[in-house]
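Listed in Swiss-Prot for this protein:
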type    : residues                      : note
BINDING : 73-86, 278-290                : NAD(+) binding site
BINDING : Arg93, Arg103, Arg131, Asp220 : substrate binding site
SITE    : Tyr138                        : site 'Important for catalysis'
SITE    : Lys188                        : site 'Important for catalysis'
BINDING : Asp220, Asp244, Asp248        : Mg(2+) binding site
Amino acid sequence: MKIAVLPGDGIGPEIISQAVKVLEALKSEGAKIEMETAPIGGAGYDAAGDPLPEATLKLAREADAVLLGAVGGPQYDTLDRPLRPERGLLRIRKELNLFANLRPALLYPELASASSLKPEVVSGLDLMIVRELTGDVYFGQPRGIETRNGERVGFNTMLYSESEVRRVAHVAFGIAMKRGKKLCSVEKANVLECSELWKEIMIEVAKDYPEVELSHMYVDNAAMQLIRAPKQFDTIVTGNIFGDILSDAASMLSGSIGMLPSASLDEHNKGMYEPIHGSAPDIAGKNLANPLATILSVAMMYRYTFADLATADRIENAVKQVIAKGYRTGDIWTEGTQKVSCSEMGDAVVVAL
């Protein structure tokens, strides 16, 4: 199993180091793992003048899976748009044809008090958001900023093809089948033709999955319902921009964005795995970051790309044990628990494993 390791920027190298510790522990037991590291984002720009250097893309293409830290930092904000770290991330997703983004939001019982919602609203939360990743307004053409009638105008194009919607629908229905057999499709079909097509195709694909109960919700209502009664959801499927916003909102239900992993898959289940949080430049290099989302991303890698459910469960259970023992990085620390550093948390997971 060949893994391309892309630490990226900010806290990326620190959290990736902890995930690599877990992989090394599995390797010491006999797992056939090969890891190679390459720069991406700001680190890619610093090394090669490109947020996605050719050598990094080649490594990612040849690997079975990609493990990514985080990209971005204020020192890159003045670069031309195509050279900014985030563009490297968008490009690698596009180049590897990673069209389905899976973002779980679950709450560990011990962290119920860390959520910004009342414990009774969120305890037992376990939902999955499936976000389409390569279409929509982020990639639609034409786009740009130009002068019209003497003033500047910014424009983007929201666009989905039937095949793009159909393939992410099949992924979402497949995941719903393995979970609670409930799928909620989120769009804005009352005002957007793009969403109208989305909804039509979801209804068509649903015929292939008679066991799954399909419902539909407008995105504004979905945002409200996620806060009002999040446990009504099991699996959500939505487009790129709506998924970007809703999954970040859902992340705070879990107590910390530092707890949540994600997977981005192609049609053969090759994937890129990363925590959903950003590069947190304010705490970079201070050994304060929470590595659990990155470690849980490794569990997702085993679940979806390597189809090794036993190892995925082992990693997830090791994280549960560490949380149950009261170890906490600063973002999830509460009175009466033990505050640990990023590297100490990584060590604790390896011991539990």
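All positions are counted from 1 along the displayed chain.
The backbone N, Cα and C atoms fix where each Cβ goes, and this holds for glycine too.
Of the chain residues outside the Mg(2+) site list Asp220, Asp244, Asp248, Val219, Ala223, Ile241, Phe242, Gly243, Ile245, Leu246, Ser247, Ala249 have their Cβ within 8 Å of the site's Cβ mean position. Taking Asp244 (Mg(2+) binding site) as the reference point, the recorded positions whose C-alpha atoms are within 10 Å of its C-alpha, out of Gly73, Pro85, Arg131, Lys188, Asp220, Ala284, are Arg131.
Within 10 Å of the C-beta of Tyr138 (site 'Important for catalysis') there are 17 other C-beta atoms, taking all protein chains into account.
The least crowded of the binding-site residues Ala280, Leu288, judged by other CB atoms within 10 A of its own CB, is Leu288. Within the set of recorded positions Arg131, Tyr138, Asp220, the entry lying nearest in space to Leu288 (NAD(+) binding site) is Arg131 (CA atoms). Of the candidate recorded positions, Asp77, Tyr138, Asp248, Ala284, the one lying closest to Arg93 (substrate binding site) when CA atoms are compared is Tyr138. Neighbour counts were taken as the number of other C-beta atoms within 10 angstroms of each residue's C-beta; across the binding-site residues Gly73, Pro85, the minimum falls on Gly73. Other C-beta atoms found within 10 angstroms of the C-beta of Ala284 (NAD(+) binding site) number 18, with every protein chain shown included. According to DSSP, Gly73 (NAD(+) binding site) is assigned to coil rather than to any helix or strand. Within the group of binding-site residues (Asp77, Asp220, Asp248), the Cβ with the highest number of other Cβ atoms inside 10 Å belongs to Asp248.
Cβ crowding, taken as the number of other Cβ atoms within 10 Å, peaks at Arg131 among the binding-site residues Arg93, Arg131.
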